């Protein structure tokens, strides 16, 4: 079996489907870290522990997404250099990002651990779960370097078409994470700190296995001691992509943090319901985002290889794949939302299940909207136009936050779903004409 998928040759739709399928599976297993925690916490430790982990979710997302912005930006360049056959710049970009990123994340981990209590209080966290939430967040913050390392290493492998190996290592560590949670929390009775600790260990293991594999099997990327340095020129170029990607990826979780603050004013049951709904949202959005990531790699590689004729066809194929996925998502979540929610919490918690079910049923009707916005942003990133994605994301996130605060007092967490729809529609009004015009220019032969 080939380790890498060639995106510069062969049938376009099949290539995108094959490559994106591995990205989707990898991300779903990564989400299984958090989902398994929520399921186990909800069943063995109860509503307070589930709510405490939910309070931390937006903060953790900000850290992970902002740091992965660096690796995502570099992946655009490494995909381009790989398509072009420029091995020297490919390795230089990889080494510079890994070295600089590790140094930065060590600082982030230290500051995050120190300021965890202030962050939790700032979010209007209920008194009964404040201490539990603080302990959980502090441990997660200490694992930031491991989370970044896995993201950077796996993103680089994916940019050269190797999505199988990161998936395998992530599957292994995900299963281990679930097993440790069941033993430590379900069998031995440890508290919420054990859940955070097992997540960190799983991230460490994934990163370590990816690094060993690269050193042993990927000649293009294997580093020697003389390679472990920062190429300032290459890092500067990478940062020109990464900073914009970082800002764009950080906007959503920052506004989601504000939205969490609005939800937190409504009591523990609403917080728990929103936590479950957010977990399901994450699973729903992930394939849409991964299809868009595959589109980015597809366009970057073909742009580097000079095969502009494949790019237009690739955009159409990507939109078709996204639309098919959104239809499948609707059928599953609209008709089976309640039994799916029951996985996360005892069926006796009827108020929580009712609130989460109403949210998910409504969202299932509109998942086609983020499918389109993600794909169009993936196209723009593939062209290297990452700054333009900031505007679209800010439109969507800003509208979502504004309407949430206006509607939550009357509608509860259903207001968040309605606000999402408004934001995505406004975002598409910007993205559709912008992407069309620039795609026409970049694909002219």
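One is the number of the first residue shown, and numbering goes on along the chain from there.
Cβ atoms here come from the backbone N, Cα and C positions, even for glycine.
As annotated by TrEMBL, transmembrane segment applies to 12-33 (among others).
Sequence-distant contacts of the transmembrane segment (62-82) (same chain, at least 6 residues past either end, Cβ-Cβ under 8 Å): 89-90, 93-94, 97, 100-101, 104-105, 108, 112, 140-141, 144, 147-148, 151-152, 155-156, 158-161, 220, 237-239, 241-250, 252-254, 257, 296-297, 300-301, 303-304, 381-382, 384, 386. Residues or ranges marked as transmembrane segment in TrEMBL: 62-82 (among others).
The annotation transmembrane segment is assigned in TrEMBL to 94-115 (among others).
Look at TrEMBL and you will find 135-153 (among others) tagged as transmembrane segment.
Counting same-chain residues at least six beyond the ends of the transmembrane segment (165-188), those with a Cβ under 8 angstroms from any Cβ of the stretch are 3, 22, 25-26, 29-30, 32-33, 36-37, 40-41, 43-45, 150, 153-154, 157-158, 194-195, 198-199, 201-203, 205-206, 209-210, 213, 217. What TrEMBL records for 165-188 (among others) is transmembrane segment.
Long-range contacts of the transmembrane segment (194-214) within the same chain: residues 33-34, 37, 40-41, 53, 135-136, 139-140, 142-143, 146-147, 149-150, 153-154, 156-157, 165-166, 169-170, 172-174, 176-177, 180-181, 184-185, 221-223, each at least 6 residues beyond the stretch ends and with a Cβ under 8 Å from a Cβ of the stretch. The annotation transmembrane segment is assigned in TrEMBL to 194-214 (among others).
According to TrEMBL, the feature transmembrane segment maps to 315-336 (among others).
What TrEMBL lists as transmembrane segment is 356-376 (among others).
Positions annotated as transmembrane segment by TrEMBL: 413-436 (among others).
In this chain, the transmembrane segment (12-33) lies apart from the transmembrane segment (356-376): fewer than three C-beta pairs between them fall below 8 angstroms, excluding pairs fewer than 6 positions apart. For the transmembrane segment (315-336), the list of distant contacts is 12-13, 16-17, 20, 280, 284, 287-288, 291-292, 294-295, 298-299, 360-361, 363-365, 367-368, 371-372, 374-375, 378-379, 439: same-chain residues at least six beyond its ends, Cβ to Cβ under 8 Å.
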